[in-house]
Ligand SMILES: N[C@@H](CCC[C@H](N)C(=O)O)C(=O)O
């Protein structure tokens with residue numbers, strides 16, 4: 001089948017984004033599309049795929065996200081900014097409520113991050129430390145605590161955004177250690193109901209540097225829900241005050257983030273880019289999971305250049 005998409009990124013977290021509002025594929029077929037389009041060795045590549053889907057009730061539109069391994073995530077906050085932009089442009093909106101897999105989020109078009117860098121604010125939550133929500137088989141919430149059964153002596157905070165995150169604050173990120181722990185979580189251990197995204201976070205002044213090993217993906221340049229979970233965990237552990245803006249950054253880029261205290265709703269607000277790089281059409285054989293033909297129909301070099309100025313600082 002032929003699929004039209006936009007190659008986009010939020011904070012360097014990149015995805016083929018598909019307007020799926022009129023498409024009727026099964027979950028198994030979407031998983032296959034994700035494995036083909038997000039394959040880093042294939043013609044497109046990405047950390048997963050994003051689907052703009054129809055709204056329902058009080059949601060103007062929806063988003064689904066499939067990781068590059070074909071698993072579907074509860075949310076994707078870098079991807080949500082991109083999907084929100086696609087929804088705004090398709091429906092002539094400036095703000096919306098978005099239906100996610102098991103939750104809802106608020107999105108709004110905000111001022112350009114820098115000239116030419118489209119800005120979106122997302123409000124997602126409530127963030128939760130309930131072990132059942134995080135999908136971790138322990139008796140009570142893990143908040144800056146060593147988790148029995150996890151092969152690490154570090155203190156972790158478990159947060160559902162609602163996708164599962166394990167966050168630890170470190171002096172210096174050790175990537176080899178992060179990858180080893182992330183891969184352990186990917187092996188579906190008994191301790192975790194459905195794996196987990198793992199983040200090592202450095203507090204730098206009032207900012208957070210977040211390095212994440214993503215469920216279904218591996219080491220990533222950026223993960224929006226991890227930046228949200230880390231900001232919430234920083235609030236819970238007194239590292240960054242609830243209700244204040246911080247900059248959360250990672251190798252792919254940066255966002256502004258603010259977490260509200262549990263008593264104030266535990267919502268995490270993120271402001272960042274939604275950059276569209278190019279548009280293409282691809283022929284995908286769903287049964288064979290191969291792509292046979294790709295046409296780039298539009299390049300958006302001005303947006304790519306504008307984002308490069310953000311990364312250059
Ligand atoms: N990169 C995303 C998160 C994508 C989903 C994640 N891998 C999961 O399975 O939970 C983000 O920006 O939030």
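Placed from the backbone N, Cα and C atoms, the Cβ positions cover glycine too.
Taken verbatim from TrEMBL:
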- 76: active site, proton donor (ACT_SITE)
- 223: active site, proton acceptor (ACT_SITE)
- 13, 67, 163, 197, 214, 215, 224, 225: substrate binding site (BINDING)
Sparsest-packed of the listed binding-site residues (13, 67, 225) - C-beta count within 10 angstroms: 67
All-chain count of other Cβ atoms within 10 Å of residue 223 (active site, proton acceptor): 31
Cβ neighbour count within 10 Å of residue 224 (substrate binding site): 29
Listed in sequence order, residues with CB under 8 A of residue 163 (substrate binding site) and six or more positions away: 73, 74, 75, 76, 197, 215, 225
Additional residues around substrate, ordered along the sequence, whose Cβ is within 8 Å of the centroid of 13, 67, 163, 197, 214, 215, 224, 225: 47, 73, 75, 76, 212, 216, 217, 220, 223, 226
Among 197, 214, 215, which are binding-site residues, the residue with the most C-beta atoms within 10 angstroms of its C-beta: 214
Alpha-carbon spacing, residue 223 (active site, proton acceptor) to residue 214 (substrate binding site), which is rounded to whole Å: 8
